Amino acid sequence: MAGVDEVGRGALFGPVVAAAVLVPIEAINQLQALGVKDSKQLSPQHRSQLAQALPDYVHSYGISFADVPTINRVNIRQASLLAMERAVQKLPVMPAWVLVDGRDTLPHIAMAQMAVTGGDRKSLLISAASILAKVWRDTLITRLAERFPGYDLASNKGYGTAKHRQGLRQYGATPLHRPLFCRKIIENPD
């Protein structure tokens, strides 16, 4: 059985990232003992520790993303689904079932699926995927922050904090900002 989740859907900057984890049924209790839960409920340090430990507890995992041009072309919802599909396709063994965080199943994946609203809080498989995706994306954004100073990306990870919004108003958008998300901030400073 596999779980898949995405992160970065509401960000102003950078890709949407997804991870899929394939976990043998008998190993699910080990995830709970390890302390796996929704990545948003964990400190950055704890998330990082779990992301390092998870490969020892899961059969396999896949991580993928949809970049800003893709988000602009197809919209954030479709880009999120695409990133999750790609993450599942990176698994070396196709699972019998996929639990998908959110209200949508993956339209181009021909296997049994269940959409789980709030799945990152309800399913250890989806929680494990959310941790891997979050750590991967946060690491990427932290590296990109060096190329794009002035937006406080190392702290906000691309989300719309006050400092990030101020940077957009002062410097404009970079090529890795999502234009549709940023336009209103830049045009309407209030």
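Placement of Cβ uses the backbone N, Cα and C atoms for every residue, glycine included.
Owing to the predicted nature of the structure, the values given are computational and were not obtained by experimental measurement.
When Swiss-Prot records D5, E6 as binding divalent metal cation, the matching candidate from D67, D101, D104 it lists for that site is D101. Close to the recorded divalent metal cation site, the chain also has V4, V7, A18, A19, S80, M84, V100, G102, G119, D120, I126, A129, S130, A133: residues not among D5, E6, D101 whose Cβ is within 8 Å of the site's Cβ mean position.
All protein chains included, E6 (divalent metal cation binding site) registers 30 other Cβ atoms within 10 Å of its own Cβ.
Residues near D5 (divalent metal cation binding site) in space but far in sequence (CB under 8 A, at least 6 apart, same chain), listed by position: A18, A19, M84, D101, G119, D120, I126, S127, A129, S130, A133.
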